[in-house]
Each structure stands twice: as structure tokens, then as C-alpha cells.
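Below is one structure, written out as C-alpha cells; the observations come after it.
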Amino acid sequence: MYVSPIREPLIKGNKTYSQITKDIAAPIEGKPGKAWYMGISLSLSAMFLGLAMMGWTIWEGIGTWGLNRTIGWGWGITNFVWWVGIGHAGTFISAILLLFRQKWRTSINRSAEAMTIFAVLCAGLFPLIHMGRPLLAFFVFPYPNTRDLWVNFNSPLLWDVFAISTYLLVSLLFWYMGLIPDIGTMRDRVKSKAKKFIYGLLSFGWTGSVKHWQRHEKLSLILAGLAAPLVLSVHSIVSADFATSIIPGWHTTIFPPYFVAGAIFSGFAMVLTLLIVTRKVLNLENYITLAHIESMNKIIIATGSIVGIAYLTELFISWYSGVEYEQYAFLNRAAGPYWWAYAIMMTCNVISPQLLWFRKLRRNLVFTFILSIFINIGMWFERFVIIVTSLHRDYLPSSWSMYKPTLVEVGIFVGTLGLFFTCFLLFIRAFPVIAIAEVKTVVKSSGEKEIKNETL
Amino acid sequence: MKKYWKSQQEKNESPEIKTVKHKPKGNLEQVLDIFEDGTVEAKSNRRDFLKLCGYSLAITTVLSSCENAVQKAIPYLNKPEEITPGIANYYASTYINGSDYASILVKTREGRPIKIEGNNLSPISNGACSARVQASVLSLYDSSRYQHPQIKQEKVSWDEFDKSVSDALEAQKGNQIALLTPTIFSPSTRKAIKLFTAKYPNIKWIQYDTQSASSILKAHKLCFGKEILPDYRFNKANLIVSFDADFLGTWINPAEYIKTYTDTRKLSGTSNKMSRHIQFESRMSLTGSNADERHTIKPSELNLLIAQLYNEILALKGLKKYNASESSQKIKELANDLFKQKSRSLVVSGSHDLNAQIIINAINYELENLDKTIRLDNPLQNHQAIDEDMDQLINDLVSGQVKGLICYHSNPVYNHHKGDQLKKAIEKLAFSLSIHEAPNETSSLMKFVAPDNHYLESWNDSEIKKNSFSLMQPAIHPLFDTRQFQASLLKWSDLETDYHKFIMKNWEETLFPTQTLYTSFKPYWEHTLQEGIFEIKNNSQAKSKFAQVDIQKAFDKLTQKPGTKNIELQVYETIALGNGTSANNPWLQEMPDPISKICWDNYLNISPKQAKEMELENGNMVKLNDKLELPVYILPGQAYNSVSIATGYGREICGKVGAEVGFNTSGFTQNGFSNVKLQKIEGQYDFAMTQTHHSMEGRAIVREANLDEYKKNPKAGNDHKHKYKNAGIYKEPEFPNHHWGLAIDLNACIGCGACTIACQAENNVPIVGKKEVIRAHEMSWIRIDRYFSGDENKPGVVFQPVMCQHCDNAPCENVCPVAATNHSSEGLNQMIYNRCIGTRYCGNNCPYKVRRFNWYDYTQADSIPNNLHDPAGLTSDLSRMVLNPDVTIRAKGVIEKCSMCVQRIQEGKLNAKLKGRKVKDGEIKTACQQTCPSGAILFGDLNDKSSELFKVTSSGRNYHLLEEIHTLPSVSYLTKIRNKKS
């Protein structure tokens, strides 16, 4: 494939292959710094707080949450959809960008995929603990039983069970499969016997032979082919939880594409949040360059605009439908008691990403970091707005209510953040955050001119 | 096919031998074979034995390793003749609580009363029960009741107690003692009291009603020579005018009035006649909220309006008017309408002013309503107290003239406005005896406590109206060491203590001779006891004469007191709690007020205009007369410059549930109004409100029309038809046998809420407590939505009972991931509690929001220990006796909802099956339908073309709630028709 020689190089610093291995393996081989210890203790405490709150919920009942007879889903499902959304970027980057031969993905796909898995784990917790009887959660699986009980295949919640578990499985396989050559590298580099043994086990006897590489490449393509439709289907199915219902504000045919775009939007924002910090702390600025940040920002403009158009389409259709309940639901979103949530959503998701049309801002790390946080917040509020404002005022005004989360719900959310960051911090200490083998393939593929300039 | 043989031998064998040889053996045979001495042929061998041993060992291991629950149920050694486990018995009885009355059937299961149903035979309560009656069964199992006789708070035996009381009574022979009771309308009790006071002539009997009808009694004494409460016949009136009489809520005998009132307002079939109802009042009462025309006036303005109305009617009759200010156009018009409906109208007033009641009598007289809509020959007996008697008693107690007090079933220390004085006086008394079921503010001051039975443990009789008798019989042996009041009286009078025999003897002497059907007493008694009621036919058509009263004087007194600028306070009783006797009943505490939808509290109702002036919002605090701090509720329709507050709350000495709930209003009289000062203070108060949004937002939820429109077009107000056949993606379900449905007549429903308590009792619906209701966690399966419309100072009010609509295209059913909710082949939307995992998706997707989630462990059915949320103590062994064994208790974390009383449907179907026939229309009644005083709810089979339900649902008024979203509900509503003057 032809790559323009005047393009920026994907990897900066005119690295040699051995330098690349050394740079990327450095965080695993060295001792963690103070920042890492602070991070892990903070996120571990958050995680344990969350676990305690989950235990309390299971013990006492869902009554410890702020839900009521009118609003059956609140923070729990908001967080679920939010985490699932975040879990979209990784597979999008590794599968879809792989199929589209986007080489810049190689610097970020590993950590994005890891993030995907951790996010989906966090997401999966919520449907489980939001149940009134979580100990009977196995009822959702169609297992053979003597009582002839069967699940309800008409229910989107059941589709969720399959969609999320399939997605988690395929993402995990894809990620691990990509890790194998790098684990082999690590096995060869580590000194201690125990580590050698563990990496040896995990590498499945990888030798780097041509046959191994050939199989690896084939499987990559196959899994990419499998994962790519999943990226689109998972959030479509999550959106079906709402779209197939009859609640005004939920019952919307635009939801599947709108949710997928929103998911990729939020996923990239989370990748940016993590990588801007990671590249700095782990000294990987030459591998995750400004060009990468800019590319991701471009995806953010694209998906952000789709999301913005979807918001406006929803508003238009609710008016155009002539259905009084629909009209009221959207009017209530914008001007009802939860107007502030709608305003936050609109500002963060529609207005702020438009600033990325300016190249200077696209390449500004501080701005991008703040913006990514904004988008994370905005996308959380999008789900909150959809779930809570639709439910709290539906058909019969006699049942209209308000919703306020309790400390237990907030604690559980903080707990999943803790779990996520704990997993991520452990990940960067255990596995190469950048796919060493893959990044080596792109080190000489573009930016010849600049490389020359650099060497001069 | 040819048969090939294997060997010569096989070929030669005859088929007979073959069959004998291979005949399979039964298990028993094999076992027995082992014990035969082992010849080889056809016997089981050692292998079989070992196989059998191994098999049985495995089976016993498996079976014994399964943990078996410890069963504590002990079968009857000798089965009582009338009890069949699993089958309910019904006993006719009577509910009496102060002035409240209902003829009832007590449903008992295995000897436990679990539910109250109305007695269809009664012409007074007509098979209906109010919320209070429904809830009364729970009070039976109240652990805060007195459990044994006490002297100075010390437990004693009845023998010791009786001796001490007799000694004390003997010692007090020279002193005046008062016996204070509520109105007693039981002939046998009256006789027992007479015998008791005959034995102790120093005891004077005084009756005291918290909601007195004293002025009506006195006015009738003056006008007609008889101190009676007339029989108001709302069903005979075409025009009803009420001056502050809450006759559907709490005035005199609402259970009867609801029935007779709504009888004239139901529009069924060809009838398109309907009475018109005009209400003048200051507080938005349940009655006012149902009126076709409602005028808000201050309590002090009432008298003048009554006087002016009288004047206008006199003018129309061409008689001489009295001297009063010129009446408004409104009153002139009203007089005109009343005059047109002469002898078919009814004017009532809840005023406590004697003069006002005299003029009301005069108005009815001039309108020729006497003997038509008002009858004097069969007066009501449930209010006989004269206020002055009670005032006199308090004065005598305070001055020390009366030295002893026996108090039965009344709590004047709490609910009389001079309670504080009374309290001090009682503390000083030498002799004080209390006969109460449960401790209260009065009984706790008294030396002797003779615990009374609950009415479900007692014998009694009653004469609610003259010649209308009913019997009360015990449905359970007294739970505690208690004795009923009448038996105690007989004991202390040294008479036969068996009150049952006493009643029988009394009836044999007095009532048995009045009938001719039975010649001997025993069958007569048994028949009456079984039916619960007995009537003496009365054909007297005596003309009522109006005595010479000084109308001029009464009139002058009414017109003299002009309205003031003061803020006026009215104290009222709520539908649920009444005078506070049942404050410890959690079902009543959690029943929202029909108008404000607030439960677990009382509050100061204030008009919207005044709230704006004083910058008050709901829940803000005010100071009343510089002493009482109260939260305000802005009540649409409350008259400007008037406020009102409910009594019955703020009980101090009461069980765990009712103590310290709400605010004590003692010191303010319930008779009339008092002038008060209001002052806004700091503070915010949370109300447990089950409905916080009060507008229909222009949606066609309650569809209504006016009578004239309805006459022209029976579909008036109901023209939003959305007819799409098969609009869903699923096939419409078919119901080959039954298709159960409900129809609710919004014209008949007055919003009293009796159905909600009936449902609670029938379906074991848990109580969650005030804090949880604030969090909108209430569990009610049926609720009554109340919407206000129009000007907030003169609002229109509509009520709509909403339960599960049993949609045939139910949005809840297809979203459940585990199929825990599904549709029955008879059109019921079913909940399978043990399959439910609690995702609440069904609750979200229910457009009617009728699904209820078990947020906590309310019933102790959860497997996790120490997480019970039972604010009312309803999981104690005693309280659990009220549970309906036919309905499952729901565990934490599952969804529940109205089942259309599936247990009753099942029972009806089984009964029909036993008799080998189909279920008859009207045979099955849901709990809400059974209790509804106005008959607004109708259950039936939509497939049965001859059923009443089919007829009703085919009318032009029939519509489904939110039919435009194509849920195809099995519950339908009939439009509300008002009779406003066009």
C-alpha cells in the first residue's frame, strides 16, 4: 500500500527494533513509581467501597437505591450503558480499523482493547446487581431443566445477555490472541524464574516461527471479521432495551445507530483520557504521538456530529409525530425538572466536540484531555437523560415522580471506576501496553521525509 | 416374514412355555422371591437381592439428604364439624365502632377471621364496607391491646378485679359517678346499662359523640317534638343541596348515603336521569369533590346563606319574607331550582348551630320534602349524644361534684377540646374505671382497666335505624384475657354474666313476638343469626307535622352574626382514621386521604390564594395561635381565609404504629369553627404523598361530559376512539372459555378508597411506613388517582381507581427475560413470583405504573437474615393470623401486582365445577368490587354475551385507559357524567 512520504511518521524518534522492545517493556521490567502506587491504592479503595455497597444492596434490597414505583432503572442501568459504550472503542480500533488497514491503530489497540474488556466487566456487574434477586440470575440462561422452564426470547434483556457475553468473549479472545507474540517476547526477557514460568505458560509455546506468524495473522483476520459486526450489534441490542418498549422517549427507531455512534464517541473519549496520561507516565510519547491523538479526535468529531444530529432528529420527530406523549416527553427533557441534565448532555456532547474542527485544538493535549473528560460526563448524562427523564413522567401524570440517587448507588459507580482503574494499572505492569510486534511493522511505513530530517 | 429358528430346541418349544418363562415380575414378587429357598428356576437370585439392596440404599441416601422443612401444622384430633381446612367459613355479624356501623360477613379460615365482607341482606350497608370496616380485622390482632385486667397498672385476675370493682362501687355508693359511653344503639346493651344503673342509682349514664349531631337532634325536638336523627333518603331526591355536610365522607351514616346517593347518579341502559348535587363548604371534602356545583364559603358565612335561601323559598311560595340582607343571584337561582323540584329535593347541613338546623328543617318543610326525601318514622340511632351533657359532665368532674368515672370506648382526654381539664380532673378522682380495647390517653389515667373484647370476639345486637336490627357474633375466642363491656356490667350488677344468653332472652321477649314467621324461638334465633339482620315491617305513614317554632328568633340569630375577616379553623375527621380510635391500624394510616393523597399525617389545609399571600408552599411550617406548629398543605378549593385540620392524629398513648403520627389538635373544637392566627415560621416538612402531580395535562385519561351532552349523544366525551384491529406484531390472543374483565363506572366512584383496603386485606399487601411512602415505595395494588382541573380556587375533581389493566397485548409480558409474567388462557396477566428475578423491566414498561416492587424484605419471606423492614410489626406471629392463606407472601426483590383476585376466580370456578355447571354471572366478585359502597366496580366474563359486564362494556360510555397505545386492556372505564346546569 502506498503511503505518502510527506506524512508524519507513525512512530517518532527513529527507533530501532530493539529500542522499541526495550521502550515498551520498560514499565514491566522496572519498579513502579510513586504515582503507580498512589493510583492503585486509590482505585483499590474505590473498588472495595463499591464491593461493600454491592454487598449492602444484595443484603438489604434494591430499596437502598433511589428508585421507586415509577422509576425502575436509574444510576444502575445508566452506568451499565455508559460502561458498555466505553467498551466499544477497543474492538472498534482493533477490528474495524484492522479491516480498513488503518496502521496508526497499532500504537493504541492493545490498551484500547484492554480498556474494552475492563469496561465490559464493569458494565456486566450492573445488570446483575440491579436485580431484585441476583442469586437467581442464572435463570436468564436457557439451560435445560426438569421443570421445562425456558427464557423469554422476546425480551431485549435476554438479547442483552447473549450480546454482552458474546462481545466479552470475542474481545477477550482477540486481545489475548494479539498478546501472545508479546508475551513470548516478555518470556524471553524476564530474569526471574517464576515470571519466566508464568509468561511461558501464557505464551502457549510461542516461538515466532513463520508457521506461528502465519496462523496468528489468519486468526487475527478471522476474529476481526467476527468482532466487527459485534461492535455494531452490541450497542444496537442495548438500545433495543429502550427502543422496543412503549415508554415515550424510549420508543424510538433511531436508537440503534445513535447508540452505536454514541458508544464509539464515548469509547474514544475514554481511550484519550487514559492514553494521554499513560504515554506521559510510561514515556511512550514517541509511540503514541500527537498524530494518534489527532486521528482519534477526528473520529470524535465524526461520531459526535452523528450523535448531535440524532438528538436533533429525535426532537424533530417527536414534534412531527403528533403524539402528545412523545411531544411531552421531549419537551420535559429540555424544559422539565431535569433540564440541567439535558443541558449538560447537549453542551458536552454536541457543542464541545465541534471545537475540534480547529487543528490547533485537535493537537493540543491539555485541551483534548479536558474535552475527553467532558465527553465522558456528557455521555453519562445522555444515558441518564434517556433513562430517567423518560420514566419519571410517562403516560399517567398520577404516577409521575422524581429520582435522586442514594449514596449506595454513587458508591457502586465509584466502585466500578475503582475496578476499572485497578485492572488497567495491573495491566500496564503485566503486559506491554503497545503491541510490540505490530508496532514494529509500521515503524518504517511512512514519514520517510521526516525521519530523514530527524536523522540529519 | 418367515420365522427362522436358532436351534432345534427352540423350534420344538411350544409358545405356551415360552410365555410362562418370560413373564416379567413385579418388584414385590422379586423381593419375596429372595426369601424362598433358592431353586434356580424363575426365582430371584443373590444378584437381584444385592441390586435391590444397593438401589434402596441409594434411594434412602438421596431422599434423606434432601432437607425437609419442619412442619409445625398439627392436624385436628377431632375435626370441628364446621371447619374444613382450606375452605372459608362466613359468619354474619355487625361492625360497631362508636357511631360507625356496618352489617358484615366475617370470613374465617381454620378459625381465624381474615377478612370482612359486606352483608348483602342489609338495607343499610347494602353489602358494602368502608375502609374502616375492612381494616378493623387487623385491629383484632393488635398486640398493643389490653391483654388482662389491671388495677393501678398491675395485672390481676378477673375474680380479684371484679371483687375490687364491686367493693369500690359499694364504697362510692354515696357519691355521684358517671358512665361515659359513645352513642349506644344496641338494645341489649342499653338494657344492660339500665340494669347496672338500677343497681347503682348513683351512676349517671352520659353519651358522647366526637362528631356530634346534637344540633340536628335538638332542632328536631323543637320542630317535630322528637329528638331524632331523620332518615335522609338521597335516592329519592333529584336535587341535593348540602351546606357543609360531608355525607359521603364522615357525616352521620356515610355508608348508607354513598349507596343511596350514587343510585341516583348511575346511568345504566336507558336511564338518563341523574340527581344534581350542590355543595357549600369551606374545605374540599369528599362530598364536595363529587358535587356538580361547589361553592367555597367560609364557615361563618354558612348561616346567612341558609337564612337567605329560606327567605327566597318563602318568597317563591308567596309567603312573607324575614328581614335579611339581599341574597345573591346564586341563592335566588338555587331557591328557584329547589322550588321546581318541590318534594323531590333534599337540603342538609352539617352545621353545629341549632338555629341553622331549625331553618334547614323549615326549608325542607316548605319544600314539602318531609315524608318524601326525609322520613321521621324510622330515625337513625347512631348519634344520640347531646353536647351540653358532656360539657356539664366535664364541669362536674372539674368541680368535684362527680367523684367517679366509668369510661367505655371513648377517649375524651384526647378528642374533646377540654381534654386538658378533663385529664387533671380524672387524675384526682377516687374511682376511675376504663373499659377499652387498647390503652389510650383516657384509659391510661384510670385506676381500674377492664379490657374489652374486640368486636370480632363479642356478642351484641344493634338497632341502627328504628326497627332495623342486626346481630354481632364472635368469630374467634377472645385472644387475650379480656371480657366484653356488657358482660362486665352484668357481672358488676350481680346478674347472669353470659351476655349471649342475655341477648337471646332480650330478643325472645321483645323482638320474637313482633314476627309471625317462626312459632318457636330457637329456629327464629338461628335464622336471624345466620342472616345477621332482622327488620320489623313498618307500614305507618304518619304525616310529619311542623310544630310552632319561633322561626323569627332563629332567623334573627342566623343573620345577626356577620362574617368576619378572621381566619377560621375547622377541625374534621378523615375518611381513614375518624376520631383516632383506629390510629394504631397501619392499613388505615397508610391509606392516602382521597383529596390530598397524603397518608401517615395530618396537616393544615390552606387556600391557594392565602398560600400565595403568605408565601407558603406545601410542607412549609406555620404557627397556629402562637402555640401549635403545623405543616401546611395547599388544598385547592379551600375557602380563602379559612383553614382546616384533621383530628385523629398526634396520639400520644397508643400502640407503636399510631403514636406520634401527625399533630394533636386538642384544644380546638370539632363543633363549629374557631378564629385563629397564622404565622409563617422556618422549617420544611415531608409529606408521604402517593400522588404528587395533580393535572391530567390535557390527556384523555378521565373522560367526562355533561348530562345534557350525554342525553344528546351517549358517546359524549368519549370520541377519541382509536380502533385498529391487530396493530401489534404478535397475534392477538384468543380466549376460548372465559375472558375475565372489569368495568369501572367513574360516575359511581366517589373516591372513598374502601377498595384499596379491601385489596390490602385480601391480597396480603404489605405496609411500608411513612418514610418509604415518601420515597414512592408504597405497595398498593389498586390506587385511586385524583386529578384537579380548572381554577385552583374552584377546582373540578375526578377520581379514577387504577389497578393492573390485564392487557391482552401487555407491554410487561414480552420484556421479562425469564417469562415470569405471562397471559393466562382466560385473559389474566399473571405474575409468577418464584420465577421473578426482579429486573423491574416490566414495571418500567407498564404505561399504567401499577406494578409494585418489593424494595425490601417486608414479609420475612427473604432467605437473607436480619434485613426485615416491617415498620408496623405485621410479621409478628399474632399479626400474621390476618394473612389470607390463599395468596402467596412475596419475597424481597420480586414484582407484584393486581391479580384480579385470581384466588377468588379459581374458587368460583371450582365451586361451579363441583356442581357441574358453568360459572354464573355475578357469582365471582373481586375484593374491590365486593366492598365498593357505590357499586362502581363490576367483574365478569367478557365472553359471556348475556353478562352484566358485556352489557356495560358495550355502552357508549365505555373506554379503555390509554387505548391509543394498543395495550388492549381487560379493564375498562365508563365516562364520568356531571349534571351541571347548562
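Here the Cβ of each residue, glycine as well, is placed from N, Cα and C on the backbone.
Record features (TrEMBL):
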TRANSMEM  A:35-59  transmembrane segment
TRANSMEM  A:79-100  transmembrane segment
TRANSMEM  A:112-141  transmembrane segment
TRANSMEM  A:161-179  transmembrane segment
TRANSMEM  A:219-238  transmembrane segment
TRANSMEM  A:258-278  transmembrane segment
TRANSMEM  A:299-319  transmembrane segment
TRANSMEM  A:339-358  transmembrane segment
TRANSMEM  A:365-386  transmembrane segment
TRANSMEM  A:406-428  transmembrane segment
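Here the transmembrane segment (A:406-428) does not lie next to the transmembrane segment (A:339-358) in space: the count of CB pairs under 8 Å, restricted to residues six or more apart, is fewer than 3. Beyond its flanks by at least six residues, the transmembrane segment (A:339-358) meets 262, 265, 297-298, 300-301, 304-305, 307-308, 311, 333, 367, 371, 374-375, 377-379, 381-382, 384-385, 388-389 of its own chain at Cβ-Cβ distances under 8 Å.
Against the transmembrane segment (A:219-238), the recorded stretches A:35-59, A:79-100, A:161-179, A:258-278 differ in Cβ pairs under 8 Å, and the greatest number is found for A:79-100. Sequence-remote contacts of a segment are chain residues at least 6 beyond its ends whose Cβ falls under 8 Å from one of its Cβ atoms, and for the transmembrane segment (A:258-278) they are 81-82, 84-90, 92-93, 108, 111-112, 115-116, 119, 231-232, 234-236, 238-239, 284, 288, 292-293, 296-297, 299-300, 303-304, 306-307, 310, 314, 349, 353, 365, 368-369, 371-373, 375-376, 379, 382, 424, 428, 433. Recorded stretches compared: A:35-59, A:161-179, A:365-386; the one with the most Cβ pairs under 8 Å to the transmembrane segment (A:79-100) is A:161-179.
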